[in-house]
Amino acid sequence: MPNQHMLMLFNMLPVGSNISTWWNFGSMLLTCSALQTITGFFLAIHYTANINLAFSSVIHITRDVPYGWIMQNLHAIGASMFFICIYIHIARGLYYGSYLNKNVWLSGTILLFILMATAFFGYVLPWGQMSFWAATVITNLLTAVPYIGTTLTNWLWGGFSINDPTLTRFFALHFILPFTIISLSSIHIMLLHTEGSSNPLGTNSDIDKIPFHPYHTHKDILVLTIMLTTMFIIMTLTPNIFNYPENFSKANPLVTPQHIKPEWYFLFAYGILRSIPNKLGGTVALVLSVAILLTTPFTHTSHMRSMTFRPLTQLMFWTLVATFITITWAATKPVEPPFTMIGQMTSLLYFSFFIMNPLLGWLENKISFTNT
């Protein structure tokens, strides 16, 4: 009987009738999370967290373990799919004013930080050339912290350089953090259901709600099928599309790659980091590139929640999307003109969105309500 009540609660959950496909990305993220946890568990069974054996153990998984190549490729492609979904999920939140549900937005931003940390630790685990050098560059940023920077870095490394203790603790963190993500996701969903979802119009949905099942469950199943089909097509035809050639060589501390870069989903933050020719300034900008999302609920000035009827803000939003893509592209290029200038200009544009948004909201209020 209690199970039936739980099922009824899920089935009869009232949801606004006009929410679009952009609201399906939450369930897609939940599926990605489940997929990553399952594939990650099976990979962890065969992985060895040792600097001499890590690279060989990954090769062993793909070559010798039954269906190991599926697990390894699904885990790698799943990470990229996770970030594609989360960036679209955040973009939808910015466009439709979902950030005004403060608790949900703030818990979601904390989730993003933990997710990025988890993905970074996971990128180091294969102990390839790019894994090692990306870890060296990014962890070295801690030395920019005044007074305690060097101590913090040595504490994280477990010594005076990246070595076996570093890999062991990164593996431990990469294993434990997904469970933190699952716990926080539960809180995120619980907080969402106390107030309910917004909708494309930004109005109150109470006047027109429909049951979650069958309407939205069928919508969810459709997008999940598309996502999983895409993942399997990539896995079978071009499994290494998101990988860098340098990472197919074992880590060598004596040979520095020509161009050090993290995975594609961190390139926007990496582009902002390297556009500032100062270590501390770059590190602060790197953290702010994500932390600035925390400010949006407190800087909203428009009388309208959604951007649906706000053409000026829409223009600024699509500029932000173009800026995000341009920073990502520029960060893949060497640190030389014109890429440094492009990186600096796009970084400036990226942060200007969060300054212009409240100003444009105020201006649109003036224009819209002049004659009322």
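FYI, residue positions are counted from 1 along the chain as it appears here.
Cβ from N, Cα, C; glycine included.
What Swiss-Prot says about this one:
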| type | residues | note |
| --- | --- | --- |
| TRANSMEM | 25-45 | transmembrane segment |
| TRANSMEM | 69-90 | transmembrane segment |
| BINDING | His75, His174 | heme b b562 binding site |
| BINDING | His89, His188 | heme b b566 binding site |
| TRANSMEM | 105-125 | transmembrane segment |
| TRANSMEM | 170-190 | transmembrane segment |
| BINDING | His193 | ubiquinone binding site |
| TRANSMEM | 218-238 | transmembrane segment |
| TRANSMEM | 280-300 | transmembrane segment |
| TRANSMEM | 312-332 | transmembrane segment |
| TRANSMEM | 339-358 | transmembrane segment |
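Features recorded in Swiss-Prot, as mapped to the structure shown.
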{"residue": "His75", "record": "heme b b562 binding site", "DSSP class": "helix"}
{"residue": "His89", "record": "heme b b566 binding site", "DSSP class": "helix"}
{"residue": "His174", "record": "heme b b562 binding site", "DSSP class": "helix"}
{"residue": "His188", "record": "heme b b566 binding site", "DSSP class": "helix"}
{"residue": "His193", "record": "ubiquinone binding site", "DSSP class": "helix"}
Quick check on the binding-site residues: of His75, His89, His188, His193, whose CB has the lowest count of neighbouring CB atoms inside 10 Å?
His193
Cβ under 8 Å, sequence separation of at least 6 from the ends of the transmembrane segment (339-358): give me the contacting residues as numbers and ranges.
268, 271-272, 274-276, 285, 288-289, 292, 295-296, 299-301, 313, 316-317, 319-320, 323-324, 326-327, 330-331, 333
Assess whether the transmembrane segment (69-90) lies in contact with the transmembrane segment (170-190), where contact requires at least three Cβ pairs under 8 Å among residues 6 or more apart in sequence.
no
Give me the long-range Cβ neighbours of His174 (heme b b562 binding site): same chain, 6+ apart, Cβ under 8 Å, in sequence order.
Thr118, Phe121, Gly122, Leu125
Using a Cβ cut-off of under 8 Å, list the residues of the same chain at least 6 residues beyond the transmembrane segment (280-300) that approach it.
90, 94, 97, 99-100, 102, 105-106, 109, 112-113, 116, 141, 144-146, 268-270, 272-274, 347, 350-351, 354, 357-358, 361
Rounded to an integer, what is the Cα-Cα distance in Å between His75 (heme b b562 binding site) and His188 (heme b b566 binding site)?
24
